[in-house]
Amino acid sequence: MAAAAAGAPMASSSGLDLGKIVPPAGFRRAVPSAAALRGRSASGSRGLAFSVPSSNGAAAQSSLSDSEKKGPVVMEIPLEDIRRPLMRTRANDPSKVQELMDSIRVIGLQVPIDVLEVDGVYYGFSGCHRYEAHQRLGLPTIRCKVRRGTKETLRHHMR
């Protein structure tokens, strides 16, 4: 404001050149180092982790070990490896399944299904329409948000 008070013209917001904005002193851009990308120090033994697209456009399983995973993990799981323990009380809406099939064919699955993993076995309790769309499309895998649980957690879901 001192410049404006001294008679210098004020720039309007439409006349600002955002390309000439200079960051304040001490500002650092967040650019990860190669060691940070590997998740270890430079002397760490694990290599760089990356994902490869799957048959339906989703990222493949990550290379983190179980001890490094915290919370849900998104990964591709073969449809045949997912148990669907609840008996169906109603059929899926055929028009919704068809809409999902059309969408998955064009852009891939956008929202992973939720899966509970107990002792290495995957249980699916939701995502019925997405699961059926994958089956009908003949896709071998589906992207899942996997949460680890105990047998007690599984019993709770089965009630």
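Glycine too: its Cβ is placed from the backbone N, Cα and C atoms.
The compositional bias 'Low complexity' annotation in TrEMBL covers 39-49. Residues or ranges marked as region 'Disordered' by TrEMBL: 39-70. Taken from TrEMBL, the feature compositional bias 'Polar residues' applies to 52-65. The domain 'ParB-like N-terminal' annotation in TrEMBL covers 75-154.
Taking the domain 'ParB-like N-terminal' (75-154) as a whole, pLDDT averages 93 in the prediction. Using DSSP to sort the residues of the domain 'ParB-like N-terminal' (75-154) gives these counts of helix, strand and coil: 31 helix, 24 strand, 25 coil.
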